[in-house]
Amino acid sequence: MNRNDHQLIDQDDGFSPLDSPFDTSAAGTPKRPDLSGRIGGAGGSSGIGGTPSIGPQATYTSNTLPGGYHTNTLDEPILTTIGRDFGKVGRKTVQVLYPKGRDNALKEWDLWGPLFFCLSLAIIMSFLAPDQQASAVFTGVFALVCIGSCVVTLNCKLLGGHVSFFQSVCTLGYCISPMAIASLVSLLVKRIIVTLPVVAVAVGWSISASVGFLAGAQLANRRLLAVYPICLFYICIGWIIIIS
């Protein structure tokens, strides 16, 4: 063995396993920091809608729907739900009686208001009728309002009106409120000289309000064919109030 071979062996003998480039635990290699933290903490990432992710501090935020309802109303008191519904019925009734800003009035339809005014009108008309005809008058008025509003709505849809079925029924039902007020006046006064002008004003008010709210149906040159059944619907109700 020559001198050069001896030097190579000495260098191999002095090679330390700690200096191996394949050893991840080498002293000169920086260690990756341990992961720590908490998912869903105060500074954590947000999920859909800006709500915190899953974790001990994650909270649920209910999103408000266009109708003013929330996605989570199961835990609220029943009086809160009833108060919110009555508040919306009251606001829509005011928009019918005072039709300022009617463009945004009844886009969010409901059937509580129409049902209330339909029942109110039928009950008042049953009081105006003789005792032996009270139940028949109640049934007839209730059926006339329900079936008539559905027929007028179907007529508007068949003419190509861009309005939903329930939105149209809701509008026609809320526009009965002047007729309900006229029937109440007729019940209290019972004089034709007072009832006749009050009913006439109520019929005109109901027709004007319903036509104004349904103006967005985009009927073009068929508008008259849609307005005629509406006028006939409210005139029939007014005539029943007068003859009672």
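Using N, Cα and C of the backbone, Cβ positions are placed for all residues, glycine too.
Here is what TrEMBL says about this protein:
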type: REGION; residues: 1-62; note: region 'Disordered'
type: COMPBIAS; residues: 38-52; note: compositional bias 'Gly residues'
type: DOMAIN; residues: 107-240; note: domain 'Yip1'
type: TRANSMEM; residues: 109-129; note: transmembrane segment
type: TRANSMEM; residues: 135-156; note: transmembrane segment
type: TRANSMEM; residues: 168-189; note: transmembrane segment
type: TRANSMEM; residues: 195-217; note: transmembrane segment
type: TRANSMEM; residues: 224-243; note: transmembrane segment
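Within the same chain, residues 114, 118-119, 121-123, 125-126, 128-129, 163, 165, 168-169, 172-173, 176, 214, 217, 219, 225-226, 229-230, 233, 236-237, 240, 244 sit at least 6 positions outside the transmembrane segment (135-156) and bring their C-beta atoms closer than 8 Å to a C-beta of that stretch. For the transmembrane segment (195-217), same-chain residues at least 6 beyond its ends with a Cβ under 8 Å from one of its own Cβ atoms are 96-97, 99, 102-103, 105-106, 156, 161-163, 168, 171-172, 175-179, 181-182, 185-186, 189, 226-227, 230-231, 234-235, 237-238, 241-242.
Averaged across the domain 'Yip1' (107-240), the predicted model reaches a pLDDT of 87.
In terms of DSSP helix, strand and coil, the domain 'Yip1' (107-240) has 115 helix, 0 strand, 19 coil.
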